[in-house]
Amino acid sequence: MLMSLLRCLFVVGALVYVVMLLRAWWRRREEGRLESTPFWTVGAIGCFANFLDTLGVGSFAVKTAFYKHLKLIDDRLLPGTLNGQCVLPTITQALIFIGMVRVEPTTLLPMMVSAAVGAAVGARYVSSFDRQTVRIVMASSLLVVAGLIFAGLLGLFPLGGEAMGLSGGKLVVAIAGNFLFGVLMNVGIGLFAPCMTMLYLLGLHPIAAFPIMMGSAALLSLFSAGTFIRRGAFDAQAVLAVALLGPVGVLLASSLVSAMDLAMLKWLVGAVVIYTAWSMFSAWRGERRQRGVDLAVQPGHG
């Protein structure tokens, strides 16, 4: 009953968002302000990115890389565009996995709420965060965790479990962890890989992480995207393209995840953690180099 109510709330939220998006798109079209962004190109990128997103890799980095390489989206509109694009795909993910995976509501709901609260709190203090420090600490931590995961997969010591819910101290740790991951989303650190890793280490079945991750992301995206639409800081053509084609990638990937056995899911978790650690380290190194270049061109330097 509780899960059915949650899914109904997501459906209502999706319908409200669709109305907001279509009104904004139509208004720009009527006023001659609609962007000339190639609809099908952006839609195909969104479909591919959300396929990967459903596997736990995350879509923001993939889409950003394509958009910058192909010069598709104005950098000023990128944050609002990315947030607007993820609403319907993440709600689709949440509806599928909350219905398919029977995670205990006493674990799912508090973790979803804690991530949303963390994101709201973090937005107020994001300017005081050192993005570079967060990146290198998270990348290093994830590499250590990846080592533990692969050691467990190779039978060197037991790791992971088959539980579909948490209680007591483990639940408190999970709620606090998801709050922290919600905070870190404000500096561009995705929630999926850290959340998946934490739940795996706490003994949850790998598949149980999916409704928790997807539900948290869907809740966050609904609130953040609405703000960007009201401000007009987004590419309406690009958002509509991914709103329509992104869920297709989700449906394809969800059927793949549901067909995986426990061993395959554990290897998937390990691969996602390694990829995320590598991408964070690459971002840290890239910004460090850029700072060095900026310093070198200042008057009085080299």
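Keep in mind that glycine also has a Cβ here, set from the backbone N, Cα and C atoms.
TrEMBL lists 6-26 (among others) with the feature transmembrane segment.
According to TrEMBL, the transmembrane segment annotation covers 38-62 (among others).
Sequence annotations record features per position, and here TrEMBL assigns transmembrane segment to 108-126 (among others).
Under the heading transmembrane segment, TrEMBL lists 138-159 (among others).
Sequence annotations record features per position, and here TrEMBL assigns transmembrane segment to 171-193 (among others). Tertiary neighbourhood of the transmembrane segment (171-193): same-chain residues 53, 56-58, 60-61, 106-107, 110-112, 114-123, 126, 129, 131, 134-135, 138, 142, 199, 202, 212-213, 216-217, 220, 272-273, 275-276, 280, 283, selected by CB-CB distance under 8 Å and a gap of 6+ residues from either end.
Residues 6, 10, 13, 17, 20, 56, 80, 83-84, 86-87, 90-91, 93-94, 96-98, 100-101, 103, 107-108, 111-113, 115-116, 119-120, 145, 148-149, 159-166, 170, 173-174, 178, 182, 185, 191-192, 257, 260, 262, 265-266, 268-269 of the same chain, all 6+ positions outside the transmembrane segment (199-226), place their C-beta atoms under 8 angstroms from a C-beta of that stretch. Taken from TrEMBL, the feature transmembrane segment applies to 199-226 (among others).
Look at TrEMBL and you will find 238-257 (among others) tagged as transmembrane segment. Sequence-distant contacts of the transmembrane segment (238-257) (same chain, six or more residues past either end, CB-CB distance under 8 Å): 18, 21-22, 25, 35, 37, 39-40, 42-55, 59, 63, 72-73, 81, 84-89, 92-93, 96-97, 100, 207, 210, 265, 268.
Residues or ranges marked as transmembrane segment by TrEMBL: 263-281 (among others). Tertiary neighbourhood of the transmembrane segment (263-281): same-chain residues 55-58, 61, 135-136, 138-140, 142-143, 145-146, 149-150, 152-153, 160, 189-190, 192-194, 196-197, 200, 205-207, 209, 257, selected by CB-CB distance under 8 Å and a gap of 6+ residues from either end.
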Within the same chain, the residues 6 or more beyond the ends of the transmembrane segment (38-62) and with Cβ under 8 Å of it are 70, 72-73, 82, 85-86, 89-90, 93, 188, 190, 192-193, 196, 209-210, 213, 237-238, 240-242, 244-250, 252-254, 256-257, 268-269, 272, 275-276, 279
Do any residues of this chain, six or more beyond the ends of the transmembrane segment (108-126), have a C-beta under 8 angstroms from a C-beta of it, and if so which?
2, 6, 98, 171, 174-176, 178-187, 191, 195, 211-212, 215-216, 219-220, 223-224
